[in-house]
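> So that we are looking at the same thing, I have put the structure below in structure tokens.
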Amino acid sequence: MLKNLRNKIKEKLTYSLLSSQEFDNNKDYYQQPCPEDNANLWSRLTFGWAQRMLISGYFNGPLEMSDINDLPKDIKVQSSIQLLNNINLNKNNNSRWPLIKHFYKQFLYRNKLTIFLQILTNILSILSPLSLKYFIQFIQSTNKERSFLAGIGYCILLLIASFSYTFSQQLLMWFAMKSSLEIKGCLSIKVYEKTLKLTTCGGKNYNPGSIMNLLSVDVGIISNFFWIEHMGIFAFSSQMIGLLALLCWVIGWSGLVGFAIMVITFPINTYIGSKIGKNLKESMGYSDKRTNLTSEFINGIRFLKMYAWEKLFLDRIEEQRSLQLKYLYKRMIFWIFAEMMKQAVNAIVLVLTFIVYSINNEITLEVAFTTISIFVSLRIPLLRLPNSIQQLQSLIPIAKRVEDFLKSPEIQQNHSSNREEEEEDEYDDDINSDGDISIHNGSFNWNQVDSNGSGNGNGNQQQQQQQQQQQQQQQQQQQQQSYTLNNINFKAPAGKLTIICGVVGSGKTSLVSGLIGEIYKVSGRVNTPNKISFTTQQSFLLSTSLRENILFGNEMNLERYKKVIEACCLAPDLLQLAAKDLTEIGERGINLSGGQKQRISLARALYANSDCYILDEPLSAVDPEVATHLFNHCIQGMMNDKTRILITHQLQFIPSADHIVVVDNGKLVQGTYSELKSKGIDFESIMKTKKLNIDNQQQQQQHEKENDIVLSDEDSNNSIKNNNNISNLIDIDEVISDENDSNLIERSKLLVDEDRNEGSVNLRVYKEYFKHGSSIPLFIMTCIVYMISQIIYQMSDFWLSTWSQRSIPDKTDKYYISIYLLFIVGFIIFLVIRYFMMAHVTFSASKNLHQSLLKSVGFASCQFFDTNPSGRILNRFSKDISDVDLLLFDLFSDVLYCGSTVLVSIGIMIYISPLIIIPFLLLIGIYYFIQRLYTESSRELKRLEAISRSPIFSLLQESFNGLVTIRSYKQQNKFISMMQDRINTNHRLSYYGFSVHRWVAVRLEFISSIVVFLAAFFSLFNSNAGFSVLSVTTALGMCSYLNWTVRQMVELEVKMNSVERIESYLNIPKEGNSKINFFRNEQQEEEEEEEEEFDFDNDDYDGFKLSKKWLTKGEIEFRNVEIKYGHSGESSLKNFTLKINQKDHIGIVGRTGAGKSTIGNGLFRMVECSKGSILIDGVDISKIGLHELRSSLGIVPQDPFIFSGTIRLNIDPFNKYTDSEIWVALEKVKLKSTISSMPLKLETMIEEGGDGLSFGQKQLLCLSRTILKNSKVVLMDEATSGIDYVTSDLIKQTINNCFKNCTMLTIAHRLDTIIDSTKIAVIDKGKLIEYDTPNNLIENQESRFSKLVKHHHNLFKEK
């Protein structure tokens, strides 16, 4: 029955509200144009075009994206970007606040209608006090002079005066909101475009965390200012002048007393505003640092867990958070003082005005309540003008942060010349006559930036010429400067294979970076083709399907795609994936092995069909068999007719090169293999010495033949020719999935959809919030104090009514003034108390929520990070925490302040006119229905808007990580288009969220105006003129609060979504057992060292005790271990059994994806065993605390993890070792000379990711950590894959010496690094297929290892 009634109401409402508009529950509105575009004038004025969404959201359940229409074209980012087309942010622009000034100019030029509405609103603000003045005159007139029809006319006049003012306000806010969205859109996309242009040097000051703060916080503050506050200083000033003139007309010059007080308080408010802005700026700076560290923490979470360094990073983040909170607290204190000033000034102005007026005049009803009405109207500009000044002062540092980012160094423009430009160039000579890639007299420097490339404006030519002259002068002065690459000449013949080789840190990556424009070109000339494919040493992958990562924005060519899959040897890997090539790849390829990631990058380059391929170590992470296949079928196969530049340490391929470039300490020697040998350059000696003496090449003629690992040209070529296609037994069609298969697509998903709660925010969320904010009783007391303060304030008006009528005989004005002052003082006292109580609650909640969130995420399982993109997680720490920090205090204060004001006002009106409760009940019913209609839709729109932010941040994170790849493929426009779509989606939800609010505001304001009419109407029948006027005045004052209460209640619920989203992360799955030793202080550790045994501080261990002398041997045993990633899918290790004796050095080999790295993940419990167990020294590691386990093991990971901080901090984060011990470790890994040559040595700062260090140097730095740690069990996961053979040979000696008393597991594709191992374990498809000594395995001609060795240049024979 109720359901039928609901449907009937729905049908009636749909018909009445939508009129002739078509309403279809099943229609997809996502692609439909904005209904405002085709709405008639009435619908535009009343926002009736937004009704469909309101009805759909209320009757059809939660709104979905299919219910949301498209944006108007002028609001889309593609249009709004024009706002910043002509801005000049050049470094030589000395204008102050260029961004703010530019937006003001654009606003004045583009928003004349908004300016007109602001003027109209100011004029209409005078109408209500005037109407009240004439109504009071009518009420005070004798019964003979009063006409009932005239009274009705005055009531209608009050209704019109009230509604016209608020109605014009709604239209004003709507058009201002459109401008705000345009500004937000153009700034957001400009920040993203700038991100894609950042140089390596420019990027050092910014990382995804700080840029995300710019997008989520700074841009939002700027756009909000230009929505509400941008006209405040001018509009509220003019409104105050108009109302002040009216006040002087009513009470004479006494009105100037109040004005004088306001003028006096302006400097105080300005000073407080400046303090608020200053503290906000400081807090934002620490917020950036905190977000940067959090971003770094999330990106490196796997490494941090393996190193057991979570505590280190959590402490660093908390340190920045504490500093941020320090300034947020100061800001809050100043904010409270500002609010106290505003509220107190309102009251004091009224008191002093009446005191001065009463000296020579008698306070009458007309004077008293017309003055009150004027001051009620003045209350908005009185409150908002200081707030606008304060907001402008706060905006200046925020805008400066955005300006500084937009001015940061960009990638160098005109870095290289293409072939068409070469023909007309003055340097055109035989260097590039055949279309070769070349560098002519080139000098490059990582630390220098392009001064002309920074900024986004169109600076004038004179400024640019001056900059160029200054740059030339600097270059002349720095001729003696040592560049990264100085005055080099390089040539890669067109259509040929050029191989670049050299020792670690010699400048190989810098050389190719010079070709693609990633390093600043100081001088010289670079010639490159138009289309280049570049693969980085650390692969860049998007969080999308494997297929999309290969296509990378190009159209699908099925035949070429199949050939690419075959050439890159991906077919066997794809067969093992759930959805084949449609399998979703996690962020940074977390569900792939290193070799698989490199081959996908190589496939992307190959599919692009470019003119030139630059490949930086694409063969280092694959086994010899796959490396040979890639070289034969990809580099020398499908790429054969293209120019190829290959950086590699794989010596077996060097004789096959058409051109070879040897790089040593920034110097180049180049030629064919035979030419270099004739010059005395022999690759045997290159790999046997740390540094080449290029100037004495002719003297290097003798080589140590016993260590010769290079094949002759003929042998090498034969080896490659004899290699068979290792994927020729696989039907390529089997690995290409049907993208229309919904079941397959579902299985391919790795990332989980973001949680979205439906309906109102659960009461539990509020309870949890207040529990984090001290206590629930404290909040209840705060609510009571708010109510008491507003009752006292309203009683002052009640007393004024008594005063104006002299209701108490024989009392002088002094008596009335004293009581009135008592009310005002009481109000101010309770005002201070309520604000400080609310500040304590919200500040404590903010502090504790972040602490709980950080702890929860820090201890989360790895699966959580695998299935949630980092941008989504970081969104909790940036936008959601920012909302909790900056908005909830204001919102709770507003709701309690406005809500208590409305309740007290209604109580007064019912007390004065009891009969008014009858129409009130009807209006309350209508009011409640409209409010629910609005709340259901607005809340879901806000939730969708919050969810739509995560894809923006995820794309930003991925783009920043892949800047070099995106730029080398010239895919900036594609990524900008992707970001535009995501911003438009986010703004679409904001736009319709604003529209439904304007819809409800117009209707609630009309109801408020009816309340004014009813209060005036019932006052016609009241014999007490004072009470009658008080009722009408109270109704007029309540109008502005009623709609604001509803708006702020919904806004509060929306922002509580941030709390809800944070709390959803407080209960995420944690890793196995708790981490003992984690929160113990040094004294506890010393006490425990004196004991023979210690207990785990966790109930899960059931009294299990771990011997203090655990892990003294290093024996490892895998017993029938089975490990799988996630709850579904194939196991990565299957019935895996392996026993390793103490001090054994075990080499682990197998093709990529065989399960080698899973052994390490299982050992460190990065993933738990689904079956079986792993024992170390006889103890099942599943019973050992994770921190205890991981801190006892050593690891050198495949992808080196370098975090921001000093070199010392990266090597010894807990400050356990002396300088001499650190230097010894660095000397052992051959980094001592490199580090000691740096000006600050161990205190040299390194940026996140180790910018400034080569890939090999990063690996060596990680190795130095493990050497210092001196663990009994060490895992080496491709630890030397990025290191040349000579350094690798020296490091191998170091490893053998340093870890001779350790049990070591070495995962490697370069067999020379494991040939001396005690035993070799061969893994295939998650199973142990061979396990024996290297001698025994090689002597067995049928063994897999023996065949691998043959593919690796017969290394064993040379032993």
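Glycine is no exception: its Cβ is also placed from the backbone N, Cα and C atoms.
Pulled these from Swiss-Prot:
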type     : residues           : note
BINDING  : 502-509, 1150-1157 : ATP binding site
COMPBIAS : 420-433            : compositional bias 'Acidic residues'
COMPBIAS : 440-450            : compositional bias 'Polar residues'
COMPBIAS : 459-478            : compositional bias 'Low complexity'
DOMAIN   : 470-690            : domain 'ABC transporter 1'
DOMAIN   : 763-1061           : domain 'ABC transmembrane type-1 2'
DOMAIN   : 1116-1350          : domain 'ABC transporter 2'
REGION   : 409-478            : region 'Disordered'
TRANSMEM : 119-139            : transmembrane segment
TRANSMEM : 147-167            : transmembrane segment
TRANSMEM : 214-234            : transmembrane segment
TRANSMEM : 244-264            : transmembrane segment
TRANSMEM : 332-352            : transmembrane segment
TRANSMEM : 363-383            : transmembrane segment
TRANSMEM : 773-793            : transmembrane segment
TRANSMEM : 819-839            : transmembrane segment
TRANSMEM : 884-904            : transmembrane segment
TRANSMEM : 906-926            : transmembrane segment
TRANSMEM : 999-1021           : transmembrane segment
> In the same chain, who gets a Cβ under 8 Å from the transmembrane segment (906-926) while lying at least 6 residues past its ends?
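For the transmembrane segment (906-926), the far contacts come to 794, 798, 1007, 1010-1011, 1014-1015, 1018-1019, 1021-1022, 1024, 1027-1028, 1030-1031, 1034-1035, 1038.
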> Quick one: do the transmembrane segment (147-167) and the transmembrane segment (999-1021) reach 3+ CB pairs under 8 Å, ignoring pairs fewer than 6 apart in sequence?
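Touching, yes - the transmembrane segment (147-167) and the transmembrane segment (999-1021) meet the threshold of 3 or more Cβ pairs under 8 Å.
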> So which of 119-139, 214-234, 363-383, 819-839 is most in touch with the transmembrane segment (244-264), counting Cβ pairs under 8 Å?
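Comparing 119-139, 214-234, 363-383, 819-839: 363-383 has the most Cβ pairs near the transmembrane segment (244-264).
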> With a Cβ cut-off under 8 Å, give me the same-chain residues at least six positions beyond the ends of the transmembrane segment (332-352) that come close to it.
257-258, 261-262, 265, 268-269, 272-273, 275-276, 279, 371-372, 375, 379, 382-383, 386-387, 390, 793, 796, 817, 820-821, 824, 827-828, 831-832, 835-836, 839, 843, 889, 893
> By Cβ distance under 8 Å, which residues at least 6 away from the ends of the transmembrane segment (999-1021) in the same chain are close to it?
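Sequence-remote neighbours of the transmembrane segment (999-1021) are 46-48, 50-51, 54, 135, 139, 148, 151-152, 154-156, 158-160, 162-163, 166-167, 170, 909, 912-913, 915-916, 919-920, 923, 926-927, 930-931, 933-934, 938, 1027-1029, 1031-1032, 1034-1036, 1038-1039, 1042-1043, 1046-1047.
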> Check A1154 (ATP binding site) against DSSP and tell me helix, strand or coil, would you?
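Its secondary structure by DSSP: coil.
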> Sort out for me which stretch, of 363-383, 819-839, 884-904, has the most Cβ pairs below 8 angstroms to the transmembrane segment (119-139).
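Ranking 363-383, 819-839, 884-904 by Cβ pairs under 8 Å to the transmembrane segment (119-139) puts 363-383 first.
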> Among the binding-site residues V504, A1154, whose Cβ has the fewest other Cβ atoms within 10 Å?
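Per-residue Cβ counts within 10 Å for the binding-site residues V504, A1154 bottom out at A1154.
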> Which residues of the same chain, at least 6 positions away in sequence, have a Cβ lying under 8 Å from the Cβ of K1156 (ATP binding site)?
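Listed in sequence order, they are S593, I1148, V1149, G1150, I1307, I1323.
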> If you draw a 10 Å sphere around the Cβ of T1152 (ATP binding site), how many other Cβ atoms fall inside it, taking every protein chain shown into account?
23
> Let me know how many other Cβ atoms fall within 10 Å of the Cβ of G1150 (ATP binding site).
25
